[in-house]
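Undergrad: My structure is below; once you've seen it, I'll send some questions.
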Amino acid sequence: MFRTLLKSKIHRAIVTHCELHYEGSCGIDEDLLEASNIRPNEQVHIWNVNNGERFITYAIRSPRGSGIISLNGSAARRASVGDLVIIAAFGMVHEDKLDEAVPQLVFPDAANRIVETRSEPAGPQAGDPVILPLGAEL
C-alpha cells in the first residue's frame, strides 16, 4: 500500500504578484523551489493564511533571488498581494519506506528570502510541548 505524505513545504511566504490573465500556475523563486525540493510543473497545494482559501495548482520557476510568489490565472482570485501563503507538495510513499520519508521545510522572511530550512518527521517529537484541545487535561 502507498500513502500520500507531505514532501515539501514553503511556510508563510508572501504573495508578490497576482496575474489573472496569465496561464494558471504559481510562480516561485527558484531558490525557494530548490530548497523545498519542489520541481517545476509539480502539483502544489496553496493555503492562504489571510482568508482561509485552499487551492491546487502547479509550480513554475520564477527568477532566482527575486522573492517572487506569483499566483496566476484563476489562482489570482484566491489571494491578494501581501497575503501569507503556505505552499505544500505531497508524494506517494510505500508503507515499507514511511519512516524514511522526511519533508523538506522552508521558512522565508518578509522578502521571501530563505531564513531557515529543516527536514523533520511529521508529528510531535521528544521534548516538544504538549498541545491539548481546549478544556482537556493531562
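For all residues, glycine too, the Cβ spot is worked out from N, Cα and C.
So TrEMBL lists these for the protein:
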MOD_RES   S25  pyruvic acid (Ser)
ACT_SITE  S25  active site, schiff-base intermediate with substrate
BINDING   T57, G73, S74, A75  substrate binding site
ACT_SITE  Y58  active site, proton donor
Undergrad: Say we define neighbours as other CB atoms within 10 Å of the CB. Which of the recorded positions S25, T57, S74 has the fewest?
TA: S74
Undergrad: T57 (substrate binding site) to S25 (pyruvic acid (Ser)): how many Å between their Cα atoms?
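TA: Rounded to the nearest whole number, the Cα-Cα distance is 6 Å.
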Undergrad: May I ask for the distance between A75 (substrate binding site) and S25 (pyruvic acid (Ser)), taken between their Cα atoms and rounded to an integer number of Å?
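TA: Cα of A75 (substrate binding site) to Cα of S25 (pyruvic acid (Ser)) measures 7 Å after rounding.
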Undergrad: In whole Å, how far does the CA atom of S74 (substrate binding site) lie from that of the residue listed as 'pyruvic acid (Ser)'?
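TA: Distance (Cα to Cα, whole Å): 9 Å.
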Undergrad: In whole Å, how far does the CA atom of Y58 (active site, proton donor) lie from that of S25 (pyruvic acid (Ser))?
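TA: Y58 (active site, proton donor) and S25 (pyruvic acid (Ser)) have their Cα atoms 5 Å apart.
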